[in-house]
Amino acid sequence: MSQLGQSFMRGTLVLSVAAFINRILGFISGMYIARVLGAEGIGILMMAHPLVPLVITITELGLPVAISKLVAEAQARGERMKVRRILYVSLSVTGVLSVALTTVSLLGSEWIASILLSDQRAYYAMLAITPIAPIIAVSAVLKGYFRGMQQMKTIAASDVLEHTVQIACVLALVHLMLPYGIAYAAAGAMAASVVSEAISLLFLMTSYKLYGETKVSGETWASHLKQGRSTLGELLQIGLPTTGHGVIHSLYNAFQPLLITTSLGIYGIGTALATKQFGLLAGYVFPLLFMPSFITQSLSTALIPAIGEAAVNKNSLLIHERMNQAMLLGLLIGAPATVILYEWATPLTTQVYNSPEAGLLLKILAPMFFLHYFDAPLHAILLGLGRAKAALWNYVTATVFKGVSVFVLGSQLGIIGVAFGIGIGILMQTLLNFFSISSSIGFYGSIRPYIKVGICMMLMAICGDLTYHYLASHGMPQLWSVIISIIGSLFLYFAALVVTGMFNWKSTRHRFSIPW
């Protein structure tokens, strides 16, 4: 591991803590906006940035992921000049693209609004959010650099700073603009995001100035760009498949509502009910399923440069050690999350959303979503190994398979079939990524940790179920029955992990490989 960076697991922990703080800050900000603007104002916000995500995806070109991998490899080889060249070339490409596309978006804003905005009151909010694209693009490049150097504290600090500033700006700007009307208040909320991103970018630039690589005599931007063709090629070799992944993900998400409601229509459900059932799935079930994802996302962020650095040093043992650490962490986090979401499905949706009917969908998806906690690190491992194309094709295959499954099962079984179709897609993607890694470097692993965690899961589920029903039968309110039973079952789960020695688990040297 680089002497300049933190350890892989420490970096994951730092990013996870920061992500948890950001979730809380984001919830506070969102709650304030929802209370002040109401449903109508939130609707204006949701339709105010139709092209910004696509502009950001195109301008980034998947470079942040490529940067983190290539910087880690160059740092491991001691090529300090190449580290700076990677950064300068990336900043030049994203800077030019983002400014050009943002300028086009601003100049064509009225035409875009006439086509994409069903409520023209969202026009001012759209104008306010458009300048965020180049800021996010440049910030993403700098974050990719710090990931490659494995300086996760800098990224974590910038993210927390961004969300803190955003809350302050939202409070000030929304309050300031609200007397002029809801459209201007929504624009103020969007402007708050731009200001907070700009402050975060300023922090990253200052951090690089203070702690980044020092220039050598005669080094200029022009000199790096003249010699940067091969570097750009290396970046795009990883970045373009990642961009393709993002574009396909965006397109599928755009068409998923139509796909689901159409399949439900074939099943015989009316438009209004189909829309409601889709809302249960997308608005209630998915947020609960993805709630613990900040941990696996942080894990994946730290894993890409860690695997890349070990690969360039041809340290197979370290690669497998980090892989096993990642898979074990996914197992330890995914197990209790799955038990909670399955065991308390209906009470959770009742207490959080006042929607007990969403509990059945959550109960169906929770066991299949358990694989998601492994898929995220598997995807990161593929990128760290330089197999971005394999990761892309696995995602394309799984997405097509998921789309077909959702449509076929939804038209035959209704919304329950849709849930099963989504779960089948998760299963397909996880298996494809597993097979791709296995065919490249194999897996060193043992079944014992999974058996131990399985036993801990069963103890947690039994304890939680008994505690919940005992408290409920003695007249305790459902909210407190849920909270106390979940806390008690989690305590038993972690105690069982300690007793079974899971926290002292070491990877074995028994190798299993599945060709693909």
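Placed from the backbone N, Cα and C atoms, the Cβ positions cover glycine too.
Under the heading transmembrane segment, TrEMBL lists 12-34, 46-66, 86-107, 122-142, 154-176, 258-275, 281-305, 326-344, 392-409, 415-437, 449-472, 478-503 (among others).
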Same chain, outside the transmembrane segment (154-176) by at least 6, Cβ under 8 Å from its Cβ: which residues? 14-15, 17-19, 21-22, 25-26, 28-29, 32-33, 36-37, 139, 143, 146-147, 185, 188-189, 191-193, 195-197, 199-200, 203-204, 207, 211, 301
Should the transmembrane segment (258-275) and the transmembrane segment (12-34) be scored as in contact, given a threshold of at least 3 Cβ pairs under 8 Å and pairs 6 or more apart? no
Give the nonlocal contacts of the transmembrane segment (415-437) in its own chain as ranges (CB under 8 Å, at least six residues past its ends). 260, 263-264, 267, 269, 277-278, 280-281, 285, 323, 360-361, 364-365, 367-369, 371-372, 374-375, 378-379, 381-382, 385, 387, 390-391, 394-395, 397-399, 401-403, 405-409, 443, 514-516
Taking pairs 6 or more apart in sequence, does the count of Cβ pairs under 8 Å between the transmembrane segment (281-305) and the transmembrane segment (478-503) hit 3 or more? no
Tertiary contacts of the transmembrane segment (122-142), as residues 6+ beyond its ends and Cβ separation under 8 Å: 44-45, 47-50, 52, 55-56, 59-60, 63-64, 67, 87, 90-91, 94-95, 97-99, 101-102, 105-106, 109-110, 112-113, 158, 183-184, 186-191, 193-194, 197-198, 200-201, 204-205, 208
